[in-house]
Amino acid sequence: MEIVFCCLFSYMIYLAPLQGFTDFVYRKAYARIFKGVDAYFIPYISMKKDTILSKYAKEIAVINNPQARVIPQILPGNSNEMVLMAKQLKDIGYNEINLNLGCPYPMVTNRGKGSGLLPYPDKIESILTSYFEKWNSGLSVKLRAGLQSASEMEQIIPVLNKFPLKEVILHPRIAKQLYGGTILDETFLAAYKDLKLELVFNGDIFTFSDYKKRKQQFPATDKWMLGRGILMNPFLPSEINEIDLTLEIRREKLLDFHRLMLESYLEIMDNEGNALNKMKQFWFYFSYNFPNPAKALKHIKKSKNILQYKSEVKKIFYHLY
Ligand SMILES: Cc1cc2nc3c(=O)[nH]c(=O)nc-3n(C[C@H](O)[C@H](O)[C@H](O)COP(=O)(O)O)c2cc1C
């Protein structure tokens, strides 16, 4: 049945990179329990003294990324960093890499990285040139509409068009909007018109009806990147694929997913306290699977140890709050 679905609909769904949330523990557990995600993006990794920081070793280790298509994301500030990071990732075995031109935080943008590069199309061009001088494929770009203004896109699109990028993922907001405010529909439409490359839509698809609305607005788009929507409702890709699951199956899957996440964090973190903190972070979005998310999250946050935490989780799953 699933084969039929995959052939009838040619669209693709990507899991967005979300620093602190979609780490390898999440991606692995998600892929074991849920269906519908075609590619997993690793949140951005950075380097110091010409080497990828050792804190990312587990995140990018091939053994921790068994899904069919996993794409590490890099955050270089110049051509040298671009080539060094791409080479190190290719040496590990990745043949597809994503360039972050979207991170909106001043700590990053003030260093001329992420969306801090968007007002400088010449710098973007030199970074892309340095990559394509060494390799002829395997690079995609994820960007925002601009750092200060969406008009920055007008200078960037002709630059992107010069290169054989695998695809361009656009989150149509400018950096200072961070993750709120209006999605700039017109910017996405303009990019669609002017870009000669495949364009992926990303931003605020939280429900099946959000997806349907965007599909009606952008009918030619068939690649969708979802972030917070999946964190809040891991069934969203199945729902978009119009796969119906009973309430009982949904509950079992959520239980399995949670169990896998907890087991993995307990296994890889130095101590229970750190595992507990990771699970508290996970519940920031996971709580949306329950009738009263704020209340569920409040109880999870209050847990002082794993024993207490497990008892709170039980109450939430059995709808005691
Ligand atoms: C907590 C958080 C962390 C994020 N980390 C990254 C990141 O590492 N790389 C990146 O390109 N985008 C990052 N993003 C942006 C998301 O990938 C995505 O573009 C954004 O959330 C809009 O999509 P959504 O509305 O489907 O969540 C992050 C967003 C959030 C909320």
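Glycine too: its Cβ is placed from the backbone N, Cα and C atoms.
Features as listed in TrEMBL:
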- Cys103: active site, proton donor (ACT_SITE)
- Gln73, Lys142, His171, Gly227, Arg228: FMN binding site (BINDING)
- 15-284: domain 'DUS-like FMN-binding' (DOMAIN)
Other CB atoms, at most 10 A from the CB of His171 (FMN binding site): 25
Among Lys142, Arg228, the most crowded of the binding-site residues [Cβ within 10 Å]: Lys142
Other CB atoms within 10 A, centred on Gln73 (FMN binding site): 21
Rounded Cα separation (Å) that holds between Arg228 (FMN binding site) and the residue listed as 'active site, proton donor': 16
Three-class DSSP secondary structure - Gly227 (FMN binding site): coil
Cys103 (active site, proton donor) and Gln73 (FMN binding site), distance between Cα atoms, whole Å: 11
Between Gly227 (FMN binding site) and Cys103 (active site, proton donor), the C-alpha gap once rounded to whole angstrom: 14
Rounded distance in angstrom between the Cα atoms of His171 (FMN binding site) and Cys103 (active site, proton donor): 11
Between Lys142 (FMN binding site) and Cys103 (active site, proton donor), the C-alpha gap once rounded to whole angstrom: 9
Sequence-distant neighbours of the residue listed as 'active site, proton donor' in its chain (C-beta under 8 A, six or more apart): Tyr44, Leu75, Thr109, Lys113, Gly114, Ser115
FMN binding residues Gln73, Lys142, His171, Gly227, Arg228: largest Cα-Cα distance, in Å and rounded to whole number: 18
Segment-level pLDDT (mean, integer) for the domain 'DUS-like FMN-binding' (15-284): 97
DSSP state at Cys103 (active site, proton donor), helix/strand/coil: coil
Cβ atoms near Gly227 (FMN binding site) (within 10 Å, other residues, all chains): 23
